[in-house]
Amino acid sequence: MAEKISDETPNPEKINDESPNPLAPSNDEESITAHSKDQNRKKQMKCLLYIILFAVFQTGIILLFVLIFMRMTNPKFRVRSGSFIDTFNVGTEASPSFDLRMNTQFMVKNTNFGRFKYKDGTVTFAYKGIPVGNAMIEKGRVGARSTKKVDVVVKLRSNGLSLNTRDNELGSDISSGVLPLTSSVKLKGKIHLMEVIKMKKYAQMNCSMEIDINSRTLGNIICK
């Protein structure tokens, strides 16, 4: 009995569909891989940008602190005003002397961005370079970019002047009605910036002034 030969011809497309190549990536897999690489690249770029921005920010902060630190200056300490209370005794040209009690207002001016903490100090008042009175300044602090006023009562006496100074100079000044004085002090302290930076500074005073004997007032205050 003869075998029946099939007339059906194999379809190449069907063979290809039935026998795919498992090693060849599909279009979907290629798209996912490309998208993933793109996302990673974007994340890397963002990280790099953040690092650069942070570095710029840190550099700006450091430069700001350096500028502030380098611009720190000595605070100013000055005689602001003075008035005479209860005691105002001035001699004559023939018998020159003085015994005064002056309510003095001092001023501490701090122009820095950090507060200024200063130690105790003694202001020396002098006549012709000879001490005639002292004012005790207690330790304290002045805020950043601010001014502090300090009131102290000072006794001014001519007891320590030599006989020659009294007769030749003090007598002449009393006769003119003007008594010239000077004041000086150096307050040592530190500028505190955010409790991180501390720099030694001092407030120095070198003032000249005049007491008008007739009006009993302190005027013509000049400080350097």
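Glycine is treated like the rest: Cβ placed from N, Cα and C.
Annotated features in TrEMBL:
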- 1-38: region 'Disordered' (REGION)
- 47-70: transmembrane segment (TRANSMEM)
- 107-208: domain 'Late embryogenesis abundant protein LEA-2 subgroup' (DOMAIN)
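Predicted-model confidence for the domain 'Late embryogenesis abundant protein LEA-2 subgroup' (107-208) is 94, expressed as mean pLDDT.
Counting residues of the domain 'Late embryogenesis abundant protein LEA-2 subgroup' (107-208) by DSSP class, helix then strand then coil, yields 14 helix, 66 strand, 22 coil.
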